[in-house]
């Protein structure tokens, strides 16, 4: 920390100020978080143990679900416990750690969604070469690249922030630590730091959206030559992924790709992508995917009959 810092602890304003409303939020959000961990954890287990989920698509889905658990866990447990606290505090170092891990897992998820879009492109547009192109080695490299990309992005964000002087006030206007509300507490003009954050996040957003839109545009173009049944099957495999991408990018772009504001609406939108979306992803993939549903039935059957053979 810079030597001019005299702030070591931050007070978080939270989502709402009314204690009654906070207790209601606790009752609502605790089951949502538990469902997020259980639902995504179940997908990780199914992909690991089910012989019918060995394709690259499910390999990536398993890692996406793991990232969802980590990503949600950087924010939601503290947010939930803070709903019952009169004064919500976090150390400055803890705040920077939360920012690091939050951005790390968010960008890792973005890159994994891009990888999954590429996987669908190869499966639909180059079906005869699919297994040769999407080799196990390439799949591992793409996953490793996603984690590395998230790490590099997050390191840049934190190094851009760590030397800012904080000398008061120490009240952060959010329910978790993020860059924009933290910058407002710095004892200096943060215009340059804000530009770096915008450029870092903006380049990733533009690049990822371009790749995702291009992938599905090419897929739709190629589907024109297929039969109605072929189109239906191909689109059904993409529908879950498109839904997840929309739910993830919509709120995130609303928050990060526009001028800063102090609207409470920003916090409510942030609740969507930090609390709600991670819970919806396993539901979306399970309801729309027959193979995942069959694997889940077999897993429950095996659990109910431990002596039954595979």
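Any Cβ shown, glycine's included, is placed from N, Cα and C.
Note that the structure is a prediction, hence the values are computed from the model and not measured.
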To which of the residue ranges 5-23, 119-137, 138-156 does TrEMBL assign the term transmembrane segment?
138-156
Under TrEMBL, the annotation transmembrane segment belongs to which of these stretches: 182-202, 203-223?
203-223
The residue range that TrEMBL labels transmembrane segment, out of 268-287, 288-307, is 268-287
Apart from its near flanks, which chain residues at least 6 from the ends of the transmembrane segment (96-118) lie with a Cβ under 8 angstroms of it?
57, 60-61, 63-64, 67-68, 70-71, 74-75, 78, 90, 142-143, 145-147, 149-151, 153-155, 157-158, 161-162, 176-179, 182, 204-205, 208, 211-212, 215-216, 241, 244-245, 248, 252
How about long-range neighbours of the transmembrane segment (138-156): same chain, 6 or more residues beyond its ends, C-beta under 8 Å?
56, 59-60, 63, 99-101, 103-109, 111-112, 115, 118, 196, 200-201, 204
For the transmembrane segment (235-256), which stretch among 57-76, 203-223, 268-287 has the most Cβ pairs under 8 A?
268-287
Checking distant contacts: for the transmembrane segment (57-76), what same-chain residues at least six beyond its ends satisfy Cβ-Cβ under 8 A?
29, 33, 36-37, 40-41, 43-44, 47-48, 98, 101-102, 105-106, 108-109, 112-113, 115-116, 119-120, 123, 139, 142-143, 146, 176, 237, 274-275, 278-279, 281-282, 285, 291-292
The transmembrane segment (203-223): which same-chain residues, six or more beyond its ends, come within Cβ distance under 8 Å?
107, 110-111, 113-114, 117-118, 120-121, 124-125, 153, 230-231, 234-235, 238, 242, 245, 249, 252-253, 256-257
